[in-house]
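What TrEMBL records for this protein:
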type	residues	note
DOMAIN	159-272	domain 'Phospholipid/glycerol acyltransferase'
TRANSMEM	93-118	transmembrane segment
TRANSMEM	189-207	transmembrane segment
Amino acid sequence: MASVMRRSSLAQAATERKSMLLRPKMTLLRMPGLTALPMERRPVAVAPSSAMPELPARSSLVCHAAAASVPLPGSDSAPQPNVLFAKIRAIMFFAWSFLLSLPLFVTMMVMAPLVLAFDKYRRLAQHFVNNLWACASTAPFYKVTIIGRENLPPPDKPVVYVANHQSFLDIYSLFHLQRPFKFISKTSNFLIPIIGWSMFLTGHVMINRVDRRSQLKCLQQCRDLLAEGAPVLFFPEGTRSLDCKMAGFKKGAFSVAAKAGVEVVPITLLGTGALMPSGKESQLRPGQVTIVVHKPLPASKDADKLCDAARVAVASSLPPELVGSATEMAPDEQ
């Protein structure tokens with residue numbers, strides 16, 4: 001009987017040892033002031049580095065976040081556009097804009113002799129057609145909101161408007177201000193069929209930015225326009241920003257204002273660079289544009305003072321991430 005009980009005891013002990021071996025390993029979590037708690041050690045799956053999604057370039061996220069009014073990322077919080085959808089929208093936008101320009105250009109051609117005879121400098125009739133074309137072109141694709149419209153001078157007051165430059169859409173959007181300004185554009189834009197020719201008929205100012213004589217001629221033409229009562233519009237960065245960050249302001253616009261003795265009206269554009277980034281004119285993303293019109297700066301003979309004050313005003317409505325160094329100038333573009 002004793003031997004039977006001994007064998008039963010040995011079998012039970014062997015079973016317990018086997019059960020201990022099959023049991024998962026346990027570690028003790030020790031925390032100050034607490035009794036150690038057992039925690040089961042579990043394997044953790046780690047994704048290979050090749051499986052990690054690649055984040056898009058920060059500059060495109062900064063532009064898109066600015067228009068969408070969402071947090072700027074070091075993270076991936078900004079929504080990403082559908083590229084195919086954006087390209088389809090761009091094709092539709094340019095096709096619609098071009099179709100609109102055809103009858104309007106004919107109208108401008110018919111009016112041209114009378115406009116040149118009676119309104120050579122301001123060309124209000126031609127500018128009215130420009131406004132109609134730009135507003136009708138943008139209406140189906142994005143909304144333009146204007147803040148500070150009360151700061152706009154009367155249409156017949158000669159002033160210098162200055163704005164940051166993010167996108168091909170900037171001019172389309174600024175026509176919503178309904179002011180008969182003449183803007184400065186590179187010579188090649190005037191060669192674009194219909195649209196470029198319309199710019200010529202309206203009396204906008206052409207410039208070759210790398211030709212010193214062209215620059216001087218442009219500035220003199222702007223002074224002549226102001227003397228005749230026509231306001232002018234400058235993008236003092238000189239060209240469009242690739243990452244939507246505002247570059248330093250060049251002094252040409254403010255030299256013209258100082259010599260002409262006219263006010264400077266700073267304007268901030270928000271969202272155009274997110275809708276159609278510079279260098280990606282084949283895409284038109286969803287969104288909206290906001291234009292902030294700041295209070296006019298009093299006339300001054302000090303061009304440097306006007307330049308600094310205007311840049312501060314424009315920057316005041318931009319997110320800090322979109323304000324670059326005041327001393328870092330954009331490269332010249334032909």
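Backbone N, Cα and C define each Cβ position, glycine as well.
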The domain 'Phospholipid/glycerol acyltransferase' (159-272), counted residue by residue under DSSP: helix, strand, coil: 48 helix, 23 strand, 43 coil
Which sequence-distant residues neighbour the transmembrane segment (189-207)? Criterion: at least 6 residues beyond either end, Cβ under 8 Å. 97-98, 101-102, 104-105, 108-109, 112, 120-121, 123, 126-127, 129-130, 133, 182-183, 214-215, 218, 221-222, 225, 230, 232
Just to confirm my parser: what is the rounded mean pLDDT across the domain 'Phospholipid/glycerol acyltransferase' (159-272)? 93
